[in-house]
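Chemist: Mind having a look at this structure? Questions to follow.
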Amino acid sequence: MANDVSGLGPTAFVRLLAFHLIGLFVSITVYRLFFHNLSGFRGPFIARLSSFYLAWLSAKRLHLHDEIDDLHSLYGDYVRTGPRELSIIDPQCVQVIYGSQTKCIKGPIYTLLDPRTNLSSTRDKTEHAKRRRAWDRGFSTTALHTYEPMVQELTEELMTIIDELSENPINITEWVDKYAFEVMGQLTFGKPFNMLKERKEAYFLELIRQDMNAIGYLLNLPWLSYLFLRTPGLNQNHLNFWRWIENEFAQRIARGQRRPDVFNWLHQAYLQGPQTKSDTLKLHGDGYLVIVAGSDTTASTITHLLFYLACNKALTQKLQAQLDALEGLTDESLRDVELLDACINETLRLRPAVPAGVQRETPKEGIYIGNRYIPGDTIVKVPMYTLFRDPRSFEQPNEFIPERFTTRPELVKDKSVFIPFLTGSYACVGRRLALMEVRRAVAAILCRYDIALAPGQNEEGFLDGKIDAFTLVAAPLSLKFTRRHQQKQ
């Protein structure tokens, strides 16, 4: 038989190979369409065959959450979005998939940054719990108290820029981005990058944006993302960013701690371990996580909240009155302003930080959501954008009504689905710092200025201009700032 095969001519060999590939393709197609354990779930025909469908939806405009929302309108609570992937908005799914007792683990998408595995991309639950301890110390109440002076200083720098530019409309998105990245940059590397003070864009901010946009296009094809991030020439920006992080960490260690920062806690945990090459790469990965997860999401929330307030004068005046009554703008005093937190929550409901949801993988035995069985080894995602606008959970779901979280609780039918910072053991560790930044920035602006959309700033244009690059990135927002008589420092 071996002699027969070796005696094949080139043409015969190509034909044999073609028949083999065609047979393989047909068998995979038939299996995925009719015999796969997800064949009973509805969804686009092409999605059943290939993950390229989901990647195509994302790449069209980087509005994946809008595309997923449309699919749920067509197919219902469960949509098959890939050969072994489901998008789910059944209200019962939240605790089953993300809760503290979930049997699901993080999906394969979290391997993209290996071997620079950060806390968020750690799939093993035991290792995640071990690494989480250092992060919990770095974001504890005591630690946050030490970060507050730095946040206040940067808030004042943001206000100085608004003071100087307020005679004309201001693209507030640009300056809020710099504000959020400056905070996390200083907490990660223990030094100022002076993006606000010197009116400049730091090198790392440009690299992050380029990297995140690339990830937004390739995120739903992990194997292609893996190749892209490891192919010379294509991965140059990615490699430049990691070299920059390595250099900044080396400088931070050489300088020592000058003021409280998150890195100190992560580095202490690193020093208590074997300090292997793998540990060092994971420390670099954690630096990436602090900057990206703590910046994009916070900046987007601040910008979108300012947009909603600029469109709602009566609500803004009511909030300003409550802020004016405070003796000072401290983190402690701002936490007590219920309407401010309600506005933040409503912004996160309408514009969640990760709108298309985060990926999980079901255990081999599968899971039940109510009476619906989800087979094992299935990738599942809960699109927060759609879930948070579900009329089964929220009255007037597409309207910005912060009072649903204060004086009008009847507008919230099922509060268990609202998890803007996730829930369970994987809940956002930096939640309280993010809220401190948002409260500080928004309160400082409203105490000093009345805000309105600038002439020519279109509401729909702003909302439609956002980018879904896994995290939500706000479009440019032009606001008019008018100085108030009442001011609070």
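Just so you know, glycine gets a Cβ as well, placed from its N, Cα and C.
So Swiss-Prot lists these for the protein:
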- 13-35: transmembrane segment (TRANSMEM)
- N37: N-linked glycosylation site (CARBOHYD)
- N118: N-linked glycosylation site (CARBOHYD)
- N171: N-linked glycosylation site (CARBOHYD)
- N345: N-linked glycosylation site (CARBOHYD)
- C428: heme binding site (BINDING)
Chemist: With a 10 Å radius around each C-beta, find which of these glycosylation sites (N37, N171, N345) has the fewest other C-beta atoms nearby.
Modeler: N37
Chemist: With N118 (N-linked glycosylation site) as the reference Cα, tell me which of the recorded positions N171, N345, C428 is the closest one.
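Modeler: Given the candidates N171, N345, C428, the nearest one is C428.
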Chemist: Could you check which of the recorded positions N171, N345, C428 is the closest Cα neighbour of N37 (N-linked glycosylation site)?
Modeler: C428
Chemist: When you measure from the Cβ of the residue listed as 'heme binding site', how many other Cβ atoms are you left with inside 10 Å?
Modeler: 20
Chemist: Is N345 (N-linked glycosylation site) helix, strand or coil when read with DSSP?
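Modeler: SS state of N345 (N-linked glycosylation site) = helix.
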Chemist: Can you tell me how far the Cα of C428 (heme binding site) sits from the Cα of N345 (N-linked glycosylation site), in Å?
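Modeler: Cα-Cα, rounded: 15 Å.
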